[in-house]
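**Q** This structure is in structure tokens; I'll ask about it shortly.
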Amino acid sequence: MATAEATRATGRHPAAPGAKATGRRRQGRGPARHVVLAGLVVLVLLTVAPLLVVALNAVKSPADYAAHGPLGMPHSVYLRGIADFWNRVDFGRKLLNSFLVSAAVAVGGVILSVLNAYALGIGRVRGRTWFLVFFLVANLLPQEVLVYPLYYVSKSLHLYDTLTIVIIIFIVIQGSFGTYLLTSVYASFPGELLDAAEVDGAGRFRVLWRIVVPVSRPTLSVLLTFFFVWTWNEFFLPLVFLISSDQQTVPVALGVLQGERMMDATTTSASALLGIVPAVLFFLIFQRTLTRGVMAGSVK
């Protein structure tokens with residue numbers, strides 16, 4: 001009665017409890033959101049700042065760098081350092097080698113991961129747990145442990161100092177990680193789809209390529225992107241197995257020149273810029289695909 005009389009007197013209805021709670025949440029969410037956004041902006045600046053410094057130093061002349069240091073703005077754009085580095089190491093050839101190795105490993109690693117995970121996750125082979133433990137241990141082994149046996153095998157097969165042996169090694173390494181990841185995904189694969197395919201008379205191979213692969217395409221796109229970037233940045237094993245200048249990849253070429261002390265600070269910045277730009281471009285091109293894959297995995 002008191003509430004009704006108050007309503008008639010004021011002409012306004014009292015706010016519902018849910019509306020009050022929503023208003024409080026919005027008020028409390030405002031400052032916290034600004035703090036989170038400020039923190040994200042700071043993290044972005046800390047991440048981008050080194051790249052900007054490298055880019056600025058790459059277009060400085062040695063005299064400009066000596067006069068104003070690494071943090072000073074360049075007074076003019078100086079591209080001779082980039083051109084000298086490109087010609088000195090035949091950087092176009094190194095880019096091609098890195099692209100061939102990374103692309104082949106990304107595609108081959110995904111195919112190997114799909115085949116292994118299909119057998120372990122959906123095929124339910126015997127000893128599945130032990131296979132998963134094996135792939136996990138293989139993925140955790142440091143590369144230094146693998147050098148001597150792989151060196152001996154590559155010499156025996158006459159594949160030493162070729163891109164082929166590096167591609168094979170990294171397909172197996174990346175495939176072990178992909179197998180461990182995809183097996184857990186395929187273990188929870190919808191059984192209704194598999195049963196419907198069997199009723200329609202589809203064989204195992206057709207089920208794999210017509211049903212399993214299309215459904216898991218977002219996850220496979222994530223693996224493809226990671227495998228490419230990871231392989232592009234690999235240094236140790238390519239340094240051991242690629243000793244000829246014509247066979248070297250971008251990280252190996254940069255490391256060799258640094259070890260020989262053949263570059264000044266501006267040329268070093270130019271080499272670093274040229275070395276990271278292709279991987280960054282690849283990541284940006286496939287960023288939307290990567291985001292879709294991550295979001296699809298979170299929804300599942």
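These residue numbers are counts, starting from 1, taken along the chain as shown.
Quick reminder: no glycine exception, Cβ is built from N, Cα and C everywhere.
TrEMBL lists 95-286 with the feature domain 'ABC transmembrane type-1'. Here TrEMBL flags 1-28 as region 'Disordered'. The transmembrane segment annotation in TrEMBL covers 35-56, 95-118, 130-151, 163-186, 268-286.
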**Q** So if I exclude everything within five residues of the ends of the transmembrane segment (95-118), which remaining residues of that chain have a CB under 8 angstroms from its CBs? That is, six or more out.
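**A** Counting only partners 6 or more residues beyond its ends, the transmembrane segment (95-118) has Cβ contacts under 8 Å with 135, 163, 166-167, 170-172, 174-175, 177-179, 181-183, 185-186, 208, 212-213, 216, 220, 223-225, 227-229, 231-232, 238, 242, 247-251, 278.
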**Q** Sort out the residues at least 6 away from either end of the transmembrane segment (163-186), same chain, that have Cβ-Cβ distances under 8 Å to it, and list them.
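**A** Residues packing against the transmembrane segment (163-186) from afar: 97, 100-101, 104-106, 108-110, 112-114, 116-118, 120-122, 128, 132, 135-136, 138-139, 146, 150, 154, 157, 212, 216, 219, 223, 227, 230-231, 234, 237-238, 241-242, 247, 249, 297.
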